[in-house]
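Copied from TrEMBL, the annotated features are:
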- 35-55: region 'Disordered' (REGION)
- 45-55: compositional bias 'Basic and acidic residues' (COMPBIAS)
- E203: active site, proton donor (ACT_SITE)
- D348: active site (ACT_SITE)
- E452: active site, proton donor (ACT_SITE)
- E471: active site (ACT_SITE)
- T557: Ca(2+) binding site (BINDING)
Amino acid sequence: MQWRSIVVGLVLLRLSVSLWLAFGLGAYVSLGTSHTDGGAEEPSTGERKGNDSWSKRISGYKHEETTGTCAVVAGESPKRPYMSFFDGNKDDYVRRYSSFPRTLKITMKEKAREMFYFGYDNYMKYAFPKDELNPIDCEGRGPDVHNPSNININDVLGNYSLTLIDALDTLLVLGNVTEFQRAVQLVIDTVSFDKDSTVQVFEANIRILGSLISAHILLTDSKHPFGRVKFEDYDNQLLRLAHDLAVRLLPAFENTSTGIPYPRVNLKSGVPSGSINETCTAGAGSLLVEFGILSRLTGDFTFEAMARQAVRALWKLRNNETGLLGNIVNIQTGHWVGKQSGLGAGMDSFYEYLLKSYILFGEEEDYTMFQAAYASIQNHLRRGRESCNEGEGDPPMYVNVNMMSGKIMNTWIDSLQAFFPGLQVLNGDVENAICLHAFYYAIWKRFGALPERYNWQRQAPDVLFYPLRPELVESTYLLYQATKNPFYLHVGMDILQSLEKNTKVRCGYATLHHVVHKSKEDRMESFFLSETCKYLYLLFDEDNPLHKSSNKYIFTTEGHLMPVDKRFREKGSSGKCPRENAKSIWNPNHVYMRQIDQMVGLL
């Protein structure tokens, strides 16, 4: 059975249920290892012997290239409806996942709300105005000024009240207009970017710039989707703060031979002397959404021009044979330093922003690049049988390959890849999104978290920490919006309960240092409040204004709301594919779920 991509029109037809709500990657992309001690640790427990069938047969299959994601589903490929997931024998899967009572949904919504406020209130009590909360010691955390080389901390923390800024629009999603207004006023009164802080351009863009722009748009929206949130003294101060920050990030684009930016800038002095000439593809190529919206709000198109220049420069460096990009590039020579091509760290949000930029701005160039990138991914990264839910061979997954040859480079995936089912939903490829999501959920079920790296051959973690990432929750939320299948409410409940059981500490939620032993690190990253809690809450809140409003939004890669608004679009560009007749899509049956559980060592 030959599969074809579902039309993006399928997504457009579901605008009434806010399917344009895109996913946050909370992409924690750093040129260094996120937690250096995690990578060196060899798991003493949790390892299973590899599934011989899977590990031996994973290579070989190549997905046939399609004419693009606007193609109609092949007529010869009959699909079963979503709810056929529950057909067949009434086994444990069916009994568990076939329904989700409304009273339980309300309970889970309140649990997600409580989770957010436990983290937020303790941040405000013990940490503000510092950047992050140390939830075990109940203290604030700022940049590591004594060790500038500690990029794991300093790339993210700029001494600018990061967690408060990152959480602004989550307060509105939860319906707390009063606290949202108070938080905005605190940002206006206390935050300055005139700091001697060296930060990663990517992180400052998605966490700070994106949040300021989103909050400004919500404050000034005449349609008032979240109620009348603008207060009397607001005079575009957040937009001015955003513009000031963006100006301080612009030196990253100076003095590069390729137009690809330096990875870091000092907010006072620009690019530090002796800066490295290497950056990751996601870090350099995921600025266009925030920079583009800022340009269209201010009329200063320097920001969008620089971000678009970087995307085009990276795109020109893709391999002529495979169409793939690597993960690390030299910004002066244009040579690939890292030739690994995958869906996770170093690459993830590059793909995400090609599609989201097209949706926001209507530039055909962005969609052309996304179509080509998606086809290359299907041809070279996807392994397993052709039809994900049936047929002979192993269930599909996406692996890391050499960008030049398409050959597998290693046998691990990373937790950031769990964003990809959400991107597939936005692209209309719901069928493959359903199947891929099941793989990540099976890993979560086994460990109660997603290890930073999971070795699919050994069926064991390679890197053992979990820093409260949102990617699986994000894809779960988007798949529920697409299918309304109660299965995804159960997934969300499992994730929420695991977080409560395994990561809750005295003053918040802590990074898991070891997903098997459940030991913890004293850090609560800002994306926990801006994304993980937000997506969990929205999953269970059917009546949220976000779902009922006539406004349509996407999420940035940090989970911030951006409106799909004609004022941000180019004249004559629709920013969407032509509508097609939607086809019925099936959901995987219990046999498929057993295959996935066996693949990760649950059975």
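Every residue gets a Cβ built from N, Cα and C, even glycine.
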### Query
What is the total of other Cβ atoms whose distance to the Cβ of E203 (active site, proton donor) is within 10 Å?
25
### Task
Consider the recorded positions D348, E471, T557 and say which one has the Cα lying nearest the Cα of E203 (active site, proton donor).
T557
### Message
In whole Å, how far does the CA atom of E452 (active site, proton donor) lie from that of E471 (active site)?
### Response
12
### Task
Do me a favour and check the Cα-Cα span between D348 (active site) and E471 (active site); whole Å is fine.
11
### Task
Could you tally the C-beta atoms, other than its own, that fall within 10 angstroms of the C-beta of T557 (Ca(2+) binding site)?
32
### Query
In this structure, which of the active-site residues E452, E471 has the fewest other Cβ atoms within 10 Å of its Cβ?
E452
### Query
To the nearest whole angstrom, what is the C-alpha distance linking T557 (Ca(2+) binding site) and E471 (active site)?
10
